[in-house]
Amino acid sequence: MKTLKIQLAFSSFFFLLFSPFFAAVSSAQDFDFFYFVQQWPGSYCDTRKSCCYPTTGKPEADFGIHGLWPNYKSGAYPSNCDPDSPYQSSTINDLIESLQREWPTLSCPSSDGNQFWEHEWEKHGTCSESVLDQHAYFQATLDLKNKINLLQILNDAGIKPDGGYYSVSSIKDAISKATGFTPWIECNVDEGRNRQLYQVYMCVDTSATNLIECPVFPRGKCSDQIEFPPF
């Protein structure tokens, strides 16, 4: 009995001594890669649900950021990882102008974007805190947007937001040729139930810096030919 008590006491001491180490190891990497997602505003708005421009006015006719999302190679993803790390706009004051331009909200009712950014940080950004604090998360996402100019890439390939129809393979090929990596294309449908170019996913390493080949793609599919609507 005495020996058992000594063993239990030693086990408790060992746990208290080394548990911070194990916690640090387990949180060192809690995801495998990021999806960097850009959306076409013309397709967001050309639906039965429609859209509302932000209070700062109609965004430019350009792909806007949807988010930077930590993911697992299994296809699952973490979310809402740290309730003790709320979104704080004061942390990113120097980025607000860029966020309004590159990461605009189109949801209704109209807003200044803070609710959108709050959602993205608290659902997705908090799951990358082992790598990026709040300011670094938004800065890294803006840097990726500046690095990947989807509209220019597609225009250079003769794929323009003119209401025309283009093959998904030609869209993927244009982006792959320009970036060196394979994108995933997400479609939605307009009021006439026509499939249209909605979002483009690129995969990024855990530093949120370098493009990589996607370990896994999201589910879903498009028609062979999809519309690229104007905005």
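The backbone N, Cα and C atoms fix where each Cβ goes, and this holds for glycine too.
So that you can see what the record holds, here are the features copied from TrEMBL:
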- HIS66: active site (ACT_SITE)
- GLU120: active site (ACT_SITE)
- HIS124: active site (ACT_SITE)
- 1-28: signal peptide (SIGNAL)
Count of other CB atoms lying within 10 Å of the CB belonging to HIS66 (active site): 21
Calculate the distance in Å between the alpha carbons (Cα) of GLU120 (active site) and HIS66 (active site), and round it to a whole number. 8
Between HIS66 (active site) and HIS124 (active site), how many Å separate their Cα atoms? 11
Taking the Cβ of HIS124 (active site) as reference, which residues of that chain separated by at least 6 in sequence fall under 8 Å from it? GLY67, LEU68, TRP69, PRO70, SER79
